[in-house]
Structure formats: structure tokens, C-alpha cells
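S.K.: Sharing a structure here in C-alpha cells format.
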Amino acid sequence: MEYKAPIGVKIDLETGVIPGAKKLVRRLSDLKGYFIDEEAYNELLREDPVVYEVYAIEQEEKDGDLNFATTVLYPGKVGKEFFFTKGHYHAKADRAEIYYAIKGKGGMLLQTPEGNAKWVPMEPGTVVYVPPYWAHRTVNTGDEPFIFLAIYPADAGHDYGSIKEKGFSKLVIEEGGEVKVVDNPKWKA
């Protein structure tokens, strides 16, 4: 039997960078149609800020292996809505995932395909278990980068299309200086 070699990498806990990892940058323009306030989106789009960066160590897409990645989700808002990641289901929907908060403040918005949603606040040291079949999106509710580690099956894949089409049933907004989770008026069941 031929064995895969183990690897070890050091994550920069201040910046979230994993040296040598595959880097993905998502700008506001990559999130067209995701935010509820289109006017605020179009205004901020002139600057087209970086919303988040992902540093991934990926394996071959096969059963039994694991990928891991850090995400650096920058602070900001579009209208009242905090910056967030696109969010996704897994292409192999029966795959779970683990998130570990490293730095900053935020949370995870999760939902079933029927739109039953759960909000889990996150701060450094928080671990979130994402069960199979749940969509998930992270949200930065603070004023500094929100950095977290994700560990997931290498064959899980990402289904971004379902979220692009239907959205999440809830929005995470700032209202009166507080973080609130409210119904999304554009949610499509």
C-alpha cells in the first residue's frame, strides 16, 4: 500500500494566512445579488472592497480525506447588513463541517433546505459543528477581521447555486447598535 505523506503547516493567527496555501479573494463584485439593499450595494461597489480571503490546503476529492482552510472576513456593511461569505450547501449534502474561530467577532448563519435557520455567535475559541444538509454562511459582526478555520471532507464540494437562487431565510443586520437576525423579505422557499 502506498501512503500519503502527512503535512503540517503554521497558520498566522494574527492574519489568518497559511503560507503556500491556495488563495481565493472575494470582492464585493463577486457578491452581486446576495445583499438585500441594492442601492447601498451599488454605492459601495464603486470601491469594490475585498470582503473576504480564503487560504485553502486541499486534497484530492475522495472519500475519507480532509481539506482545511482559513477565511479572513473583513469588517463592513452593505446598508444594515454585515459583510458575509457567499454561503453554501455541500454538493454531497450528507457531509458535515467544523469551524473554529481564531480572531475577531462574528457568527454563523445556518439553515435547512426548508429555511429553518439558526444563528450561532462566534468569538475566538468557538467551535461550530455544521451538520449534514445545512447551508452555512459566516458573518463579521465586529470592527476587525473575523478569522476562522474550516475543516471539511475533501469530497464535500460546494453548492453555491442554491444560495444564489434562493438566498438565506434570515439576514444579520445592525440596528440600534445591536446585531439582529431578521427575516429576509426576498427569501424563496
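Even glycines carry a Cβ here, placed using N, Cα and C.
Just lifted these from Swiss-Prot, have a look:
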- HIS88, HIS90, GLU97, HIS136: Fe cation binding site (BINDING)
S.K.: Around the Fe cation site formed by HIS88, HIS90, GLU97, HIS136, list the extra residues of the same chain whose Cβ is within 8 Å of the site's Cβ centroid.
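M.R.: Not counting the recorded site residues, we get TYR89, ARG95, VAL130, TRP134, ALA135, TYR152, ALA156, HIS158.
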S.K.: Near HIS88 (Fe cation binding site), how many other Cβ atoms are within 10 Å of its Cβ?
M.R.: 19
S.K.: Around HIS136 (Fe cation binding site), how many other CB atoms lie within 10 A of its CB?
M.R.: 23
S.K.: Among the binding-site residues listed here (HIS90, GLU97), identify the one with the smallest other-Cβ count within 10 Å.
M.R.: GLU97
